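Q: Quick one: this structure, given as structure tokens, is what I'll be asking you about.
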Amino acid sequence: MQLLKDKFGRVHDYIRISVTDRCNLRCVYCMPEEGLTFLPHEKVLSKDEIVSFMELMVKFGIKKVRITGGEPLLRTDIVEIVRGLGAIPEIEDISITTNAMYLAKKAEALKEAGLTRVNISLDSLHADRFKAITRGGRLQKVLDGIQKAEEVGLFPIKLNVVLIKGQNDDEITDFLRFTKDKDINIRFIEYMPIGHAGTSWKEKYLPLDTIFEACNEAGYEYEPVDSIRGNGPSENFRIKGAKGTFGVIHPVSAHFCDSCNRLRLTADGYIKACLYWDEEMNIRPFIQDPVKLMQLVQKAIDNKPENHEMALKLQDEVQSNKPTWRRMSQIGG
């Protein structure tokens, strides 16, 4: 089997497929309050295109798929997409990232179709604050979605918490306490300058050392834990005696580019080899032309930078030669 390897020796076996750029929320770190101009439906990859693409990609070593958006559960055919991917025997793991507004309704059907596990965005445990950060989200719907995911066996369940200075950084201990009674992995993620103009993001950025300081202040003893299924770049820990775990993902202060194994496919059919790099290859016209398609995929990988240059300098400045122009919802979170 010919593997997808870049010039730095990184083998790519994981792809994140955005199935829509649409979302029913407007999270402050993902989309402007006024929203975005969404792709016309005919510009979005169809179920058959997604499945055909993956039937080819598995021949080159891709074996893990994460479905993203926008909000992927807005796709009326999301269960059929999962079922189509689940029918490809070489795919070992199918996961989804969701805001969970519709997860309670769809979790059982998704599990039956072949979904392995779920990541859920949850940036506050206070209903009013959650509504403010998401610009309209209902916390109880997320909690119901978590419960349903537990019931149907979508494990491990991971909760993605973007740490935002002045908005939810006083809830760190609450999230840590959440892991004591639930077998859930809470992942604290640094606020990233994706698609943001200027340097205003720095006003909301907090280094993740804050998490460990909160543990110490609360008197929580914690220890590293072994790899969690699909853990990716997260460094994971467990508070002694807790059922669940917590992790930290720091793409800004300590990037993990040297071990990056992922590609991204946008909802409109562009391959991105790096989240924070503008270069994209339009593969949609060639989904039925495997030779040309794989030439483009390999070209994207060949041009992948050694790192995304989003690391902080001493003065907390971002160095970036080619920052991405897309918002996170347009790339696939």
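Including glycine, each Cβ sits where the backbone N, Cα and C put it.
So Swiss-Prot lists the following for this protein:
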- 7-221: domain 'Radical SAM core' (DOMAIN)
- Arg16, Arg66, Thr97, Lys158, Arg262, Leu263, Arg264: GTP binding site (BINDING)
- Cys23, Cys27, Cys30: [4Fe-4S] cluster 1 binding site (BINDING)
- Tyr29, Gly70, Ser121, Met192: S-adenosyl-L-methionine binding site (BINDING)
- Cys257, Cys260, Cys274: [4Fe-4S] cluster 2 binding site (BINDING)
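So where do these features actually land, and what's packed around them?
A: Other C-beta atoms found within 10 angstroms of the C-beta of Lys158 (GTP binding site) number 25, with every protein chain shown included.
Following the DSSP three-state reduction, the secondary structure of Cys30 ([4Fe-4S] cluster 1 binding site) is coil.
Of all Cβ atoms in the protein chains displayed, 29 besides its own lie within 10 Å of the Cβ of Gly70 (S-adenosyl-L-methionine binding site).
On its own chain, Cys274 ([4Fe-4S] cluster 2 binding site) has Cys260, Lys304, Pro305, His308 as residues at least 6 apart in sequence with a Cβ closer than 8 Å to its own Cβ.
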Q: Return the average pLDDT for the domain 'Radical SAM core' (7-221) as a whole number.
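A: Residues in the domain 'Radical SAM core' (7-221) carry a mean pLDDT of 95 in this prediction.
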Q: Here the binding-site residues are Cys257, Leu263; which one has the lowest number of other Cβ atoms no more than 10 Å from its Cβ?
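A: Among the binding-site residues Cys257, Leu263, the lowest count of other Cβ atoms within 10 Å belongs to Cys257.
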Q: Between the Cα atoms of Cys27 ([4Fe-4S] cluster 1 binding site) and Ser121 (S-adenosyl-L-methionine binding site), find the distance and write it as a whole number of Å.
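A: Between the alpha carbons of Cys27 ([4Fe-4S] cluster 1 binding site) and Ser121 (S-adenosyl-L-methionine binding site) there are 10 Å.
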Q: Give me the Cα-Cα distance between Leu263 (GTP binding site) and Met192 (S-adenosyl-L-methionine binding site), rounded to a whole Å.
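A: Given the Cα positions, Leu263 (GTP binding site) is 19 Å from Met192 (S-adenosyl-L-methionine binding site).
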Q: Quick one: give me the count of other CB atoms within 10 A of the CB of Arg66 (GTP binding site).
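A: So the Cβ neighbour count for Arg66 (GTP binding site) comes to 24.
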